[in-house]
Amino acid sequence: MKTGIVVFPGTNRERDMAQAFRVVSGKTPQMLWHQQDNVDGLDLIVLPGGFSFGDYLRSGAMAAHSPIMKAVRQFAEKGGYILGVCNGFQILTESQLLPGALLRNAGQRFLSQDCHLKVEGRDSIFTSGWKHGDVFRAPMAHGDGNYTAAPDVLDRLEGEGRVAFRYCTAEGHVKDSDEHVNMNGSARSIAGVLSENRRVCGLMPHPENLTEEILGGTDGLPLFTGIMEALG
Amino acid sequence: MTAAPVDIELARSFGLKDDEYETVLNIMGRTPSLTELGIFSVMWSEHCSYKSSRLHLKTLPTKAPWVIHGPGENAGVIDIGEGLAAVFKMESHNHPSFIEPYQGAATGVGGILRDVFTMGARPIANLNALRFGDPSHKDTKRVVDGVVRGIGGYGNCMGVPTVGGEVNFHSSYNCNPLVNAMTVGLARQDRIFLSAAAGVGNPVVYVGSKTGRDGIHGATMSSAEFDSESSSKRPTVQVGDPFTEKLLLEACLELMATDAVISIQDMGAAGLTSSAVEMASKGGVGIDLDLDHVPQREANMQAYEMMLSESQERMLMVLRPDRTEAARKIFEKWELDFAIVGKLTDSGRITVRHNGKVEADIPLGPLADEAPIYDRPTMKYERQPALVPPADPCGVEKGLLRLLSSANGASRAWIWNQYDSGVGGQTVQRPGGADAAIVRVEGTDRGLAMTTDCTPRYGQADPYIGGAQAVLEVWRNLTATGAKPLAMTDNLNFASPENPRIMTQFVEAVKGIGDAGRALDFPVVSGNVSLYNETRGDDGSVTAIQPAPVIGGVGVLEDVQKAVGLAMPQDGELLLVGETKGELGQSMWLKEILGREEGAPPAVDFAAERQNGDFVREQIQKGAVEACHDVADGGLIVALAEMAMAGNVGCSLEKGPDALPEHVFWFAEDQARYVLATKQADAVVKAAQAAGVPVRRLGRAGGNALKLGDMAVPVQHLRKQHASFFPRFMGKQEDDAPVVHLDELP
């Protein structure tokens, strides 16, 4: 499996992401500078977290217009696998590779704490490392993580099993209106979604930061083992 | 701007004393130009020249076999093994943080980050030490909100985890909060970059953001007391751009991986002036600057403005001439300005040209050598007599709950939940998990432990103890994780040194820091002094801050797997290491329960500190310890409650010794103490006795309540109380955690 991690000016979790892949595969993904317009030969493209272009316009909005995103769109059209985490998720929605948008957190403050996620997505390499309904812990670190979309879009995402992850309690209860559970106020507690072909996935929390016991746990590992098993 | 005549009046308004201006006239042999006067005034400001503190700072211990660079560089550098170095420093941004809290705090973080990556280190952690006014003061909420957002806003965007810090509230900081920011970076020992310029003819290169009019005379502002006019100084607060700094960081590190850089210095306080002067002075060369080439954000800037601007995210470098174009390409890739603004000369002078005209021409030798230095008068400090322990009005349970829900005892989670503490992927202990934050050293099995601390109320009562105790607590916090403490950075926040009482506080605190550092082989490798932290009211009265000699410390764990946190384990015995004589003077209990700030602070005993600490570290390294927490604010019962809350596990405690009243034993703040949770209690007790270390069995971990005699407080209740203060204070009500009011006490 060949993985490329896109680095925009202001990206800052590319090393965390590379480390997580290294833990699982022993191989270090290659870094892709945002100015390049060629992503040939890759099996998976990852858009990691950070503050691309400072998030000064709107999170992910500038990055969506970087030269590399044209190549990423073509890669997606050809059925390529793409994972976007945090700022990467924001870039995917800004690029319309995923539906919806990420607004300022409901509490208007940056959120850096652990949340629990329920695995709901089906038939996707991004959720195949877990069983349907599993609950895992992941750190959040974002100011704009409040997922929103039109009601019919949300209905469709749910109907097609394209809600990949939902915020929940440690016991797996989803509570949309509880600010201690659905901390950023996301519509229907959605933390991550899948594209129609289930090959593009975006999520706000950071499974890549929980992949070793010494770093606080391995709750995030199944994301990477699932991808590895599928793509070799 | 209109050119004001340069005279003694203008010099005074620039903050120069009359005799200092006299020296300027002697050095120059003529009336200086406006730009020259500006350069002298900022270089000789307290902030840049350390004129009141230098004599005393020289007495601090700064050497150890593992110290690579001590004070004098942008940051301290220590050997952490495997050819790697930790590079760290702490710096204050106090005055700007009251005027404009968000930008003041943000640029404080930005400045200290630059100090560290200027030396070739990748920043791997940020910490801070914050002091705010009384929660009931009208400005406190505004300042807390802005400062926390500013620290988070800058650090989060930079991708440097904010892993630790400490916060206190006291009315002496009502109009003069303290914002001290610390950065720890990681570098290869053979790739450390210094600021001394070398090579006559070599190009002087400016990189980073453009220069604007922001922050002009910031260094002078931070060298003067506050008054009601201060808020009109908002334009002297710089504006931060963490995105540009992130680009600057990556570009600098990319350039530093080549052999292009001869020397490099960030533009911090006093901007282009101090960076150019410092690089040239340290290298014993002259420097010619042509301001026409300085990237400018605004039109028609004067030489004076460009030399004094404190625009952020800028660096000055001396490059190998044959590498200049390669360097330019790197900065173009990162879309940053890159401009050759001058060259090194053999003139021994700084010469500044603008529009073809010489705007400044100053001999560097006298600018540095004849800088004022003051041995300011001190006095005998009236210390508080020892406290006669007062009776307990409310019992241990109420007292504990009151402390946990007080501003100074409450959980800081509301703050640290706004800081990204995990970015970088190496954070082993996040805030609240251990006495010190722990970050793994990427690519190794090692870990760095780091923390900040200070107890100003102790220092107010006895400045020597205030200085020494801050060092001891930092050393203890590092030790409690199992780390070997290596070195410290100090950030000395005091009021006006021109007041003999304040100067005495400063001198005594430095003595305390020095003695503690020597006793523990814990040298000072970098630091910062912030004076004039006082406010003049409209009626002329002056409020001085409680002295805050803040210490930041770094320790190393050869095997990071051996580190322990403070969370109460499900099972195990609890031991107290260290002696309890019953020190309630200046304690948190005394202040919160009886509203008294009285008595002598707890005594410091360097030998006991070292003996107990070395013992605890050894037991942790042996694997005999499940969890460890030092005993500090609020005493033993608060330490145990903190462990219980962190682990969500209770404990059953035995009664204290008969010799002490119950409340004295549980709330006293005697130093050199640790709580250990262990499954090998017999062996640990035996080892302690053999080593002559005082040890006492406290009880057992387990269950879901903190139990002591008739008292049984559910851990959930403790947690709720502990978490209640900040949301309530900052305007969001937690559902069902009522305040424990003093008037409810019997």
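Cβ coordinates come from backbone N, Cα and C, glycine included.
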Starting from the ATP binding annotation in TrEMBL that includes B:Lys89, B:Asp490, B:Gly527, which of B:Tyr21, B:Tyr50, B:Tyr154, B:Tyr419 is the extra site residue? B:Tyr50
According to TrEMBL, B:Ser92, B:His93, B:Asn94, B:His95, B:Gln238, B:Glu310, B:Ser311, B:Gln312, B:Ser530 bind substrate; so which of B:Arg114, B:Arg122, B:Arg328, B:Arg501 is the extra one listed there? B:Arg114
Between B:72-186, B:200-354, B:433-541, B:571-702, who has the most Cβ pairs under 8 Å to the domain 'Phosphoribosylformylglycinamidine synthase linker' (B:9-51)? B:200-354
Range from B:72-186, B:200-354, B:571-702 with the greatest count of C-beta pairs under 8 A to the domain 'PurM-like N-terminal' (B:433-541): B:72-186
Around the Cβ of B:His47 (active site), other Cβ atoms found within 10 Å total 28
Inter-residue Cα distance where the pair is B:His47 (active site) and B:Asp115 (Mg(2+) 2 binding site), in Å: 15
Please report the distance from the Cα of B:Asp266 (Mg(2+) 2 binding site) to the Cα of B:His47 (active site), rounded to the nearest angstrom. 16
